[in-house]
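Asker: Here's the feature list from TrEMBL:
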type	residues	note
TRANSMEM	B:255-275	transmembrane segment
DOMAIN	B:260-374	domain 'ABC3 transporter permease C-terminal'
TRANSMEM	B:287-313	transmembrane segment
TRANSMEM	B:345-368	transmembrane segment
TRANSMEM	B:389-408	transmembrane segment
TRANSMEM	B:414-437	transmembrane segment
TRANSMEM	B:463-486	transmembrane segment
TRANSMEM	B:705-725	transmembrane segment
DOMAIN	B:706-819	domain 'ABC3 transporter permease C-terminal'
TRANSMEM	B:746-778	transmembrane segment
TRANSMEM	B:790-811	transmembrane segment
C-alpha cells in the first residue's frame, strides 16, 4: 500500500440491511455512508442490538447489504462473488474477534502461520515467530489455545491479524471478553501495530477507553450512523 | 503446496486432539468388519468348493455311458491337468459257495485325485488317504461281504479273474455321487479289468473321467470341452448331484451375507453419526477460515483431502486388520483352517479402501458441501444457524454398502428383498422416532421440579438429532438382537432341519402284501415304524395337450424329467416336509388333480391350472395342476416331484418305498430285512447324512465366529449414537449446575433421557429383529414362517438396560464436571 494518508481503503454509501422475519421485513441498518482512509482508526459504538456487528459484516464483505454499496480497496464488493471477496480478504484484511476464534487443534505459532500459509507466502514460521514475540508471547509458541489465558489468546489473535501486514483490520469487540488489565494491554498493542504498519482500523466496541483512542467515532442507534467525533 | 501442508497439519492435529478419533475408529471397524467378512466368506466359499471337489474325488468329472474319446484325455493333459478315470459296471461276484450282484468299480493308480478313501485292511486298522486296491486285490463293502459271507483275506471271482479280498471299503470319496448305488460295491484295480473279460461290447458300464489342477485351468478346460462332449456324456458337479449339499451351501452363503449386511449397516450407522459430529464441530473454524480468505472450493478441497486421506489410510489399515481378524476367526471356526481353507482372493484387498471411500463420499459429502456454504459472517454470531444437508446421499451410501455385502449371497432377488426391508425399516424407524419427539414434547409440558420431564424434553429440543440417534441406535440394537436371539433360533432350526433321527436307510421294491410283515420286523426290533410311500412310475406326455419333448428345454433337469420315467406317489394330505406355495390341496374325493414341486414346475414351464397327461403303466392319466409345493430335499424324507390324489393313483402304484433311521449299532437290521424279503433293495445313505451334517456344523460355527465382529460394530454404534449428543448434554448440564441443579437432579435428567431413548429404540429394534428373524428363517433358510413375539419385549428391556449402561461414562462426567470447565470450553 502507498504511504499516502489520503488513500481511501473503504467506502460505504447508502448501506441498508433488511431481514425477513415471520413474513415481516425488519430494517436493521438504514442509509449508512462512511469512508476509511489509510492509517485511520474508526470506532463504531452503540448499544447491544443496534446493528454494530451486522455493519461490520457488511463493511468486511462477510455479508451483503440489501441496498447500497461497499467499495474495498477500489473493488465494489457487489461485483465479486463470495470466493472473490474471500481472496480480497486474504490479501488485504485482518480480523480480531471478541471470542478470539483461534483454531483449537493448532498451537499459537501455527495459528499465526495460518494466514501466511493460506496465502502461500514464504518464511511463514519466522514471520509468525517474530510477530508472536512482538505481542509478548515468544515463550508461548507451542502452547495450544486452551492452555492460554483470555488476554494471551487475544494477543495471538492480534498477531494472526497483523502478521500478513493487512491494509485494513476489522475488530469486533476485541476487549469484550477480557478483564481491564488484559484489555488495556490488547488496546495498547492494537494501536502500536496500527501505527507501525499503517493499517487502517475499524472497531466495533462498547469499551469507552478503546473508542477514546480512535481518530473517528461513529455512533449507531436504531440502525442509523452518526459521527460522534471526527 | 503450503496450503496443502496447512491442511495436513490441521487434519493431523484434529486426529491427535480426538476430534477425528470416533470417525477414524468407526471407519476402521466398518472396513475391518466388511472386509473380514468378505475375506472369510470367500475362504469358506472356496473351502466349500474344495470340500465339494473332494466329494467328486476330483475338481471336475465327466460321466459317460460309453468310453470317452482319447482326445479329451489328451486335451486335459495338454492343459496341464492331472487325469484319472474309472469304469463302473454291474456284475456277479462269486465265491466258492455264494453269488451276489454287485456294482464293480475299476480305479487306476492315481485315484482319487481329491478327497480320501477310507478302508479297513486285513490287520484291522482303518486307513484314510489316497489309497486304492493293488493289482490282484479287491475291496468290498460290508453289504457284499455279508451277502457272500466272506472275510478279509478270502478270495472271490470276477468273470475270469480271481482276486483276494484285501480290504473292507468304508468310504469312497465320490461314493455318494456314484448314485447311492442300490447294489453292494466292489473296488478293484484298473490293471485287472481286461483280465476279467467283463467289459466287452454291450457291457452296461459308466465311464468316469476325473481331472484336477489349477482352478483357472480346470475352468478353461471345462469351457472348452463342454460344447463338444459326445452324446451320453455330461459334466458332473457336486451341486448337481447333491441337492442337500447345494441347499446347505446356499443357506450358508445367505447366512454369511446376512451377517455381513448387518455388520455393514451397523458400521455405516456409526460412521454417519461420527461424520455428523466431526463436521458439525467444524462450523465455527470454517467460518474463521472464510474470514481469513479461504474460498468455498478451498474449504471443500481441505475437507475432501482430510477425508480422502482418512479413507485411504483407514481403508488400508482396516483391510489389513480385517485380514488378521478373518485369519483368527477361521482359526476358531475351523481348527486346521490354515491347511484346509485356501487364502482369500487377492482382489478383495481393494474392497476395504473402496468401501471406505464409498462410505465417506456418501456420508460426508453432503455435510462437506454444507460447510462450503458456511457464511463468513457466522463467525460474528454466537448461534450457528441450522443448515439442511443433502439427506439423500447417506442412505444411498449405506444401501450401496449393504448391496456390496449382500452380493456375497449370490441371490439378487433375496438381496433385493432384504435391501427393501432395511430401507423400509429405516423409514419406519425414522417415522416412529419423529412420533417419539412429538410425544416427548407433549410429555415435557407438565410443570414441576427439574427431573425426568426435563430429560424426556431433551429429545424434543434436538428433534432431527433425536431421529438420527433413534434410527442408528435401534439399527444397532436390532442387529445385536438378531444376532444373539434370532441367530441361535435360526442355527438351531437349521441344524434341526436334519434331525439326528433323519432316515438314513431306504428300501425300494416293497410290495403291498409285505407291508404287514415288514412293519412287524421293526416292532420286533423295537425300532420306530418306517415311513412308507407308494410309487408309480410315470412319464409326462403332454402339457395342455401339447406333447413334451426333452429338446424343448434348456434346463438339464427339465430335459431329464421330460425324457424319462420318474416316481409319482399319491397322498391324502400334504407331506410333512412340504410347504404349499400356490393353489389348494385336494379334497379326499378328488380324482383328476396333480400337485407339483415348485422348482420342477418352473423348470418345465408348468403353471397352476395347466392340464397334464401322464403315462402310468400304459394308461394315460389326465389332471389339472391344483397346487405347487416346495420340498425340503435336505430332510432326507420321502419326497416326490409329482403327487396325485389316492383315487387317481392308488390302483396303479406298483410298489412301495420305505425310509427309516437305523442307529449305528443296528445297521445289520437292513441286511436281515433284505434276507427276509429277497425282492427288496436297501440303500444306506448314512455316509451322505454324516457329510451333510458335518458341512452344516462347520458353517454354523463360521457364522457364529463372525458374530463377534458384528458385536463390536454394534457396540461402536451405541458409543457413536450417544457421543453424538455428548457436547450438547454436557453444556446443558453445566448450565443447569450453574443455575443450582443438584447432582441428584442431573442424574435423574440424564437417566430419564437414556431410559426413555433406550426403551423406545429397544422396542423398535425388537420388532425389527422379530420381522428380520421371521424373514430370514422363511426366505433364507426355507423354514416355516414363525414370529418370536417375545422379541419386542426383550428389545424394550435390552434397550432400557444397554443404552443407560453404554451412556454411563457420560452420566458420570455430567455429574462430576465443574460447570466452569464446560462453559469455558464452549
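Every residue gets a Cβ built from N, Cα and C, even glycine.
Remember, TrEMBL labels are computer predictions, not curated facts.
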Asker: Hey, which bits of the same chain come close to the transmembrane segment (B:287-313), Cβ under 8 Å, at least six residues off its ends?
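Answerer: Beyond its ends, the transmembrane segment (B:287-313) has Cβ neighbours at 3-4, 7-8, 10-11, 14, 20, 23-24, 27, 279, 353, 356-357, 359-360, 364, 368-369, 371-379.
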Asker: Quick check for me: are there 3+ Cβ pairs below 8 Å between the transmembrane segment (B:414-437) and the transmembrane segment (B:746-778), leaving out pairs under 6 residues apart?
Answerer: yes
Asker: With DSSP helix as H/G/I and strand as E/B, how many residues of the domain 'ABC3 transporter permease C-terminal' (B:706-819) fall in helix, strand and coil?
Answerer: 95 helix, 0 strand, 19 coil
Asker: For the transmembrane segment (B:790-811), give me same-chain residues lying six or more residues beyond its boundaries with a C-beta closer than 8 angstroms to one of its C-beta atoms, as numbers and ranges.
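Answerer: That would be 473, 477-478, 480-481, 485-486, 715, 718-719, 722, 726, 729, 747, 750-751, 754-755, 757-767, 769-770, 773.
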Asker: Averaged across the domain 'ABC3 transporter permease C-terminal' (B:260-374), what pLDDT does the model get? Just tell me the whole number, please.
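Answerer: PLDDT averaged over the stretch: 78.
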Asker: Report, as numbers and ranges, every residue of the chain located at least six residues beyond the transmembrane segment (B:345-368) whose Cβ falls under 8 Å of a Cβ in that stretch; write 'none' if there are none.
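Answerer: 27, 30-32, 34-35, 38-39, 42, 46, 264, 268, 271-272, 275-276, 279-280, 300, 303-304, 307-308, 310-312, 314-316, 318-320, 322-323, 389-394, 396-398, 400-401, 404.
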Asker: Under DSSP, the domain 'ABC3 transporter permease C-terminal' (B:260-374) has how many residues in helix, strand and coil?
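Answerer: Output for the domain 'ABC3 transporter permease C-terminal' (B:260-374) reads 99 helix, 0 strand, 16 coil.
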